[in-house]
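Have a look at the structure below before the remarks.
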Amino acid sequence: MTDMLDIRRPDDWHLHLRDGAMLSAVAPHSAGFGRAIIMPNLVPPVVTGAQAAAYHDRILAALPKGAPLQPQMTLYLTDGTDPADVIAAHRDGIIRAVKLYPAGATTNSASGVTDFDRVRPVLEAMAEAGVPLCVHGEVTDPSVDIFDREAVFIDRVLDPIRRATPGLRVVMEHITTSDGVAYARSGGDDLGATITTHHLVINRNAILAGGIRPHYYCLPVAKRESHRLALRDAATSGEARFFLGTDSAPHTDAAKLQPCGCAGCFTAPNTMSILAHVFEEDGALDRLEAFTSLNGAAFYGLPANADRIRLTKRDVPARYPTSITAGDESVTVFDPGFPLYWHLED
Ligand code: NCD
Ligand code: ZN
């Protein structure tokens, strides 16, 4: 039985760090990752290279001294994004990717794209320069059932964009369905997909059965069990197209516990312990490193991190806080619903 894992330092290819007091509170919990793609959905969003550079510096200031984390910045694509600014920010090493939110799809996405034809020149310039597009893959059409929004997005939006923009490198962010898994598998080297920690653990019953549990509500919303199993199969497959993007998305409890509460699960503190548990359960511990530390870097054309981390399985569960404090407020940590015997060593 394996009770020790020594793997390359993991990366998080989809992370929300927020700003201000929340940034100070949550950044230390992701500080042990090597690189993280930082989501730009601040209020107001990060839309220019100059804003991304300033946000990068605020993140560095919020990290503990000597922390490994190297934030990889993104720009928030809007109908008004200037292709020249995107290309210059990428060329100058300020940004790693551009994020596409359909307007209104999720938290702080009001400035997102309303008309995909308007961003065509940006996408073409990105394809030319090799700038990856990270996509929040849900339609916002109110007539489409929320559980179908990912599958419909693939047909109506994603596939047409990819066909119209050959060479565009696309990351399907936080896929939640077997349709997402199948579409990712249908692509070549130019198509990747991130999978979150929580979507490997919960299905929609966790949110809705036996009482409503706002801390399990995130977007895209967790789907039925067959989809969770498809995600487990993809993540543990070792296939290069699938890699970790935690989508750790902290909100204060006050904002979550509302008649209309925010979407997001805060998984940064216990992600690696949960993933080791999941991969062991599926007999795939030997493929954890590919998912957390190798595949994403390769997709982004970066070397794997040179240093390593160690996870040890012990008889007593690892202890994680049930919540952390941000300013005067509390933020609940994702509860996987089982004890975590895999300890992340310092
Ligand atoms: C994210 C957030 O809170 O910013 N929420 C979420 O449920 N995942 C936005 C997002 O990634 O959709
Ligand atoms: Zn997200």
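Even glycines carry a Cβ here, placed using N, Cα and C.
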Zn(2+) 1 site partner of HIS14, HIS16, LYS99 (as recorded in TrEMBL), chosen from ASP189, ASP190, ASP233, ASP247: ASP247
Annotated companion of HIS16, LEU17, ARG18, ASN41, HIS136, LEU219, HIS251 at the substrate site, TrEMBL, chosen from ALA53, ALA125, ALA240, ALA263: ALA263
Listed in TrEMBL for the Zn(2+) 2 site shared with LYS99, HIS136, one of HIS90, HIS174: HIS174
Residues among the binding-site residues LYS99, LEU219, ASP247, HIS251, ALA263 that border ligand 2 - Cβ under 6 angstroms, in sequence order: ASP247
HIS174 (Zn(2+) 2 binding site) as reference: those binding-site residues from ARG18, ASP247, HIS251 with C-alpha within 10 Å of it: ASP247
All-chain count of other Cβ atoms within 10 Å of HIS14 (Zn(2+) 1 binding site): 26
HIS16 (Zn(2+) 1 binding site) versus HIS136 (substrate binding site) - Cα distance in angstrom: 13
